[in-house]
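Reading through the structure tokens given below for one structure.
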């Protein structure tokens, strides 16, 4: 089974199975309750305080979108303060009247210091509304000087109002300074915290900005879209910034054998992944069961193929390099195989020149060139270059129209681009060429299901569910079919049956760690059984200690439990296993969100609800 992270099947078009991380090709499975195939994955990062979307981890954005759905177009009644821009200062423009208060127009001796401070503030508010910000600043400064030092709340308001005026003049340093004064006086002052967050953004103080906006999100109960959007923005920037530096110096890491086998299982028309032919092996050791056969020719490529059959993957790149350096008989095959393993270890920059060369070799087998185009196209999609990706897939279809892999992988690309009808047409083309290719049939059914589910079309949903039943009956050895069916069953709240489907996956592929993660998440959503869920995710790590999905999921759950230190440790482990800069940026955003929550808890004692 080409099991992947809990993302929609579409996401697999841009990732190797089980990773979501920049390996070309791949036929990944969606996990339970995902919804992330249509959502940017870094939205998972701000998991602070929002409800846990069990089975997906995308707590933050789910919380936001759920409120949108509940609003049902009710406008301001939605509960999301979309237009709450916090531009105006606080307090009324005219002074409040009451016992012992005059109209605030003069310096009456009968007025207390606080009264005079309020009068100065109100005068400043009038100037502010008139766009006379320098005069407003003078009035707010007067209010600050007049206000008794023990009047913390009033004094904090004056500082915040002056910060608002400085903001209009784009004096960001002064904005941050005044907001800091306001927060020191009133630590849970949302308006001052948010204004300081915006100032930090302008000053390029991303870490400080994130801490402030995190506090705001918690204090507002995730009800203000403006603050959530700022948090999302800064998390993306921080993630990309951190990943860019880290990725340069990362150590390439070969994934697990199960991961590699799952990856190659998504190709059926691929020369380099086919078993060695009789003529490529000698007969010397054919009677020795369990021992590798000697390669007949002195060929680096054929030795690499032998190592593939032995699952001795670490030696493949070096053997391919020998074939290429010698310009041997299998140079084109060696270039493609080396590029594929560069992709698998997360070295896309090293893979691209090899893929380019294979594509340009007009004399090379068309199957090799088409396969190289598929992998380069998928790599482009992972690098957020959909136009280049589409061009490569279309070229592959043009030069090798009978290649089922082209349509299978292009179908996944189309799903990622939200072109479901075109995706289904591609899956149909693949199935016509390879009627027994279960993976394509399962993914077509899942595409139809997601389309019906999103459109809330119950009759089509039921038709898709029936289609899954037919697929697992027709292809009982296809773990992918069970996994995708489990996703659909989870959506339909049929948890018991979904659990049975994951058990089928485990029976078929006991070494596939991602299935244990999916099953663990299901226990949380179904039975709220945290211990069982964590036990299964821990089992996944035991089976495959290179399963970054397991570490990421464990970290996300620990965030919800309030165990920030452990969560950060899990995210860091996942970061070290990431195979693309984009995947690494996403994981850094998770880690940064956890760090920010830790700091907010220390500074302000703010802790969102935990599991």
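From the backbone N, Cα and C atoms, a Cβ is placed for every residue, glycine too.
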| field | Which listed span Swiss-Prot calls transmembrane segment, if the choices are 21-41, 42-62 | value | 42-62
| task | Name the residue among 99, 273, 389 that Swiss-Prot annotates as phosphoserine. | result | 99
| Candidate set 108, 266, 459, annotation phosphoserine, source Swiss-Prot, matching residue | 108
| query | Mean pLDDT, the repeat 'TPR 1' (117-150)? | reply | 98
| request: Could you give me the DSSP helix, strand and coil counts for the repeat 'TPR 10' (548-581)? | output: 29 helix, 0 strand, 5 coil
| said: Based on DSSP, tally up the residues of the repeat 'TPR 5' (370-403) by helix, strand and coil. | reply: 27 helix, 0 strand, 7 coil
| field | Surrounding residues of the repeat 'TPR 4' (332-365) on its own chain - C-beta under 8 Å, 6+ positions past either end | value | 16, 21-25, 250, 252-255, 259-260, 263, 271-272, 300-301, 304-305, 313, 316-317, 320-321, 323-324, 371-373, 375-376, 379, 382-383, 578-580
